[in-house]
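So that you can see what the record holds, here are the features copied from TrEMBL:
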type     : residues : note
ACT_SITE : Asp119   : active site
ACT_SITE : Asp137   : active site
TRANSMEM : 64-82    : transmembrane segment
TRANSMEM : 94-110   : transmembrane segment
TRANSMEM : 130-152  : transmembrane segment
Amino acid sequence: MMAFYLILAIFLAVLDQLVKLAVRQQMGDGQVIDLIPNLINLTYQENRGISFSLFADLPESMRALFLTGVSALVVLGLLVYLKKHWPSYQRGERLGFALILGGALGNLIDRGWRGSVTDYMHFYYFDQSFFVNNLADDLISIGFVLVLIYSFKERVHEK
């Protein structure tokens, strides 16, 4: 049963890479395409850091080694953890972990091969900019929420 979720995670990582490739090939750096005016647009950016461009100012050699290394350790740690605890999780939690793993793999591939992560979905409200992210980031966020919801739901049913 775990194989299905691993295949799903790999599929999602490949999908993430294909979307990022299309953005890099079809959009110029900084180009903007409105999707939903005053809410979401496509904006091609290379993020050399992590969320909200944290650590982007580190020297190139240190940043690449540190961020790629930490990302790889997180993915490896998640795989080891899931292998040990997989039987105890319900379907919703398993789906959440597959989304997290797929997103983490997608961004790890970018960091390892390109030294940066391609971001393209800009969320804003009129003049207030919130963040620019990508499918992998959304998969991680949605997966995290699913794991929380199903973990909480399971604890409520135990009482």
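All residue numbers here begin at 1 and follow the chain in the order shown.
Any Cβ shown, glycine's included, is placed from N, Cα and C.
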Cβ atoms near Asp137 (active site) (within 10 Å, other residues, all chains): 21
Three-state secondary structure, which DSSP defines for Asp137 (active site): helix
Protein Cβ atoms within 10 Å of Asp119 (active site), excluding its own: 22
